[in-house]
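This report refers to the structure that appears directly beneath it.
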Amino acid sequence: MLNADLKQQLQQLLELMEGDVEFVASLGSDDKSNELKELLNEIAEMSAHITITEKSLKRTPSFSVNRPGEETGITFAGIPLGHEFNSLVLAILQVSGRAPKEKQSIIDQIKGLEGPFHFETFVSLTCQKCPDVVQALNLMSVINPNITHTMIDGAVFREESENIMAVPAVFLDGQEFGNGRMTVQDILTKLGSTQDASEFNDKDPYDVLIVGGGPASGSAAIYTARKGLRTGIVADRIGGQVNDTAGIENFITVKETTGSEFSSNLAEHIAQYDIDTMTGIRATNIEKTDSAIRVTLENDAVLESKTVIISTGASWRKLNIPGEDRLINKGVAFCPHCDGPLFENKDVAVIGGGNSGVEAAIDLAGIVKHVTLFEYASELKADSVLQERLRSLPNVDIKTSAKTTEVIGDDYVTGISYEDMTTGESQVVNLDGIFVQIGLVPNTSWLQNAVELNERGEVMINRDNATNVPGIFAAGDVTDQKNKQIIISMGAGANAALNAFDYIIRN
């Protein structure tokens, strides 16, 4: 089941185990159970620290990752391959006693939860966002005996996941808890536990404080650290929006990679330098005083710095039509790689005729029954090679000059209405899902009246990546820079860093 390269990598990782692990498997006579049994046997044969026993669990096929004689609360329902294979390997190592790579303050927060909390997360194995949530909840289960977590592959347990239209979908004690990517800190916050502000207030002022965690942020941080400046990063997550990107093929010298791999490599590169990286928390305000630039965090802590580089990136742009907000995660989705498998053999729409929209339609056409692509303009804007591929697919319709006007449905999406711009007629297409791919909106809501923004809400910068406020710079997709590309953002981050350094030595 595992190829030779994966086995070799796994063998090296299993050598890091610090104790014994027991797979407790619930297996039947079905094909999926046989596949799971084969996977578990392959893994167990690679380490003397791993044993397998069989026992009836809540779901079949499934298995728990326990210590001998001790339940950890970690269960995988289905076969954790694809993006979830890393979640399994990490669970094995942590259950064996390998210390988690998490700040002690976060570990203390997890230990302080009283519980009991029983989490279940529905995933798809092609989902880029799901492993973050699965790994966060598995970690919490390892640390706190009052927490349990089960990963559920929606493709295996279709009856349970029938009404799940966006993953990851997290349930706590049977009630919906959250959707989409969540960090450990996000989960702790939703449970009412917040990071102690004193942990941040006691920090010495920085030379450069970078707000955001994407490519521009990483580039800026490395450049300023190499200049010997005291550098800090405050971000929700390292990698930013890139984490949600499936394939990257235009980052020069790297022929092909994924968003998650890119983000992991970025985090490793940042860690090689003396950079104070604060993740799982967001900035809520910024102001320049006579003595410093002050950045307020969501826990009301305040950080001070001589200069600040804003690189908070952008988020998916919404249609802003009736029914959309109400039916997000109920058929309205933004990530075809994550949520596409949930619409197998169903009819869906893709909104947007740029590269992202056409790529999404091509990918979805291989999964769903039928795709209708809507584009507001009179022609598609995607690269010609993508358009040719799209038009060759038999289960795709293209509607140009189409203005979407309403998402239809009560509890779930049942259709979309649009206006034909050439005739003025309103029409309805019955379908089950809508994937919105109309670009990004800058994450600048926290910057109102702090720095100058343009009509699109982007931070306005000059050739030095400086804003209108001395000492405050900006880089990446959050700015009014025309082209939004990873490689351009990294160059912008470096430019902002070098000009922040120049500002410091001149002031």
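Each residue, glycine too, has its Cβ placed from N, Cα and C.
For reference, Swiss-Prot has these:
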- 207-222, 467-477: FAD binding site (BINDING)
- Cys335-Cys338: disulfide bond (DISULFID)
- 347-361: NAD(+) binding site (BINDING)
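Thr467 (FAD binding site) falls within neither a helix nor a strand when secondary structure is assigned with DSSP, and so counts as coil. Note: the CA-CA distance between Gly471 (FAD binding site) and Ile351 (NAD(+) binding site) rounds to 40 Å. Its own atom aside, the Cβ of Pro215 (FAD binding site) has 30 Cβ atoms within 10 angstroms in the protein chains shown. Note on proximity: of the recorded positions Cys335, Asp347, Ala361, the one nearest Ala475 (FAD binding site) is Cys335, by Cα distance. Looking at Cys338 (disulfide bond) and Gly357 (NAD(+) binding site), their Cα atoms lie 15 Å from each other.
According to DSSP, Asp347 (NAD(+) binding site) sits within a strand segment. In this structure, Ala361 (NAD(+) binding site) is part of a helix by DSSP. Neighbour counts were taken at the CB atom with a 10 A radius for the binding-site residues Ser219, Asn355, Thr467; the maximum falls on Ser219. Taking the Cα of Ala349 (NAD(+) binding site) as the reference point, the closest of the binding-site residues Asp207, Val211, Pro215, Ser219, Thr467 is Pro215. DSSP assigns Ala475 (FAD binding site) to coil in the three-state reduction, placing it in neither a helix nor a strand. According to its DSSP assignment, Val211 (FAD binding site) is in a strand. A distance of 39 Å separates the Cα atom of Asn355 (NAD(+) binding site) from that of Asp207 (FAD binding site).
The closest partner of Val211 (FAD binding site) among the binding-site residues, by CA position, is Gly357; the full candidate set was Asp347, Gly357, Ala361.
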